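Since the structure comes first, as structure tokens, the remarks are kept for the end.
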Amino acid sequence: MMTSCLGSGSPHHQMTRESGRRSEMGISQSSRQSYFLSVCFCSDNSGTTDGLAAALKKLDPEDGEQMMEYFKTQALLSREKALLQASVRDQKKLLVENAKLKQDIEQLRGQLQENQKRRTAKALLSQVPPPPRVSPALTKADTAAPTNHPPPSATLTEGRDRPSRRRRGERKARPKSEPLPLEAESRIDASRLDLRVGKFLSIRRHPLAEAMSVQEVDVGESCPRTIVSKLGGVEDLDELQGSLGVFLCNVKASKMRGVVSQGRLLCCSTSDVSVELLAPPADSTPGDRITFLNYPGEPDRELPSKQKIWELLQPDLQVDGKGVANYKGCGFEVKGKGLCRAPSLTNCTIR
């Protein structure tokens, strides 16, 4: 009995019992945390959370509230993670749908272009006049008329003149029968304009019109072009010499008060008094072509005067609120160098 009592009260025995209690408390505490965490993840009712809080306080009065707050934060984090995963899935689905819609739009655009080409081809074929028909009354009258044999010299001269007349007629008829390209006829947009960067070599007043000026311009060709334009807002013409501008180079040459103009100088204005020249990018060189990103294509060699292409496109040539020259929202661009702008005017027309 003495040995058993002494053994039970020895320090070594007390330490082993204390470590056993701590291990049991740690196991029970971890199991309780996992149990309550699973309950918090699965339940959303306020009554359940209140009951859990009360149970935790009974089991562990000191750390019950902290454990409950920890469980709540873990539950909120798990919900946010689930919502993020769902949003990522939805975003991937939307990207796939957008790609499919873009493919459908490109296919429809190609079909529309083909239909437009077919319509223009039919319209051109319908405009070709049919060959003239010889009426039977004329043929009968020709056969019934008496044949007067002319002298041989007259027949020889007529025989020589007839083929020459036919050849002249054929030469006159050939340009009329030649159809224009379908693509040039079908599209009416800014890609048909041959816009280039030009440099003022010399500028002087028009001898017959004070409001006009005559410029010699380098547009990247072997010889400079002569262009006549009206510069209402520019007083000192010498300041323009050596500067750059934007020129339309495929208009038909025409006389303006006795001087032949071989192009058109583009400027922007809000009225006849406030006029500014369009300024190309600083790195531009004479002859650089101005293009439009949304309207690809090669320009015409010469704009047909009957179709009035410039008059149709001019209302859509404007300067926006940022001072950028554009056609239907697409900027005047020199590839690799920048956009053409107005020096100070905004929200005005280009002419």
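Using the three backbone atoms N, Cα and C, a Cβ is placed for every residue, glycine included.
What TrEMBL says about a protein is an automatic prediction, not a curated fact.
Database features, via TrEMBL:
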type     : residues : note
COMPBIAS : 1-13     : compositional bias 'Polar residues'
COMPBIAS : 15-24    : compositional bias 'Basic and acidic residues'
COMPBIAS : 163-174  : compositional bias 'Basic residues'
DOMAIN   : 189-291  : domain 'TRNA-binding'
REGION   : 1-27     : region 'Disordered'
REGION   : 116-185  : region 'Disordered'
Per-residue pLDDT averaged over the domain 'TRNA-binding' (189-291) comes to what? 88
Taking DSSP H, G, I as helix and E, B as strand, the domain 'TRNA-binding' (189-291) contains 7 helix, 46 strand, 50 coil
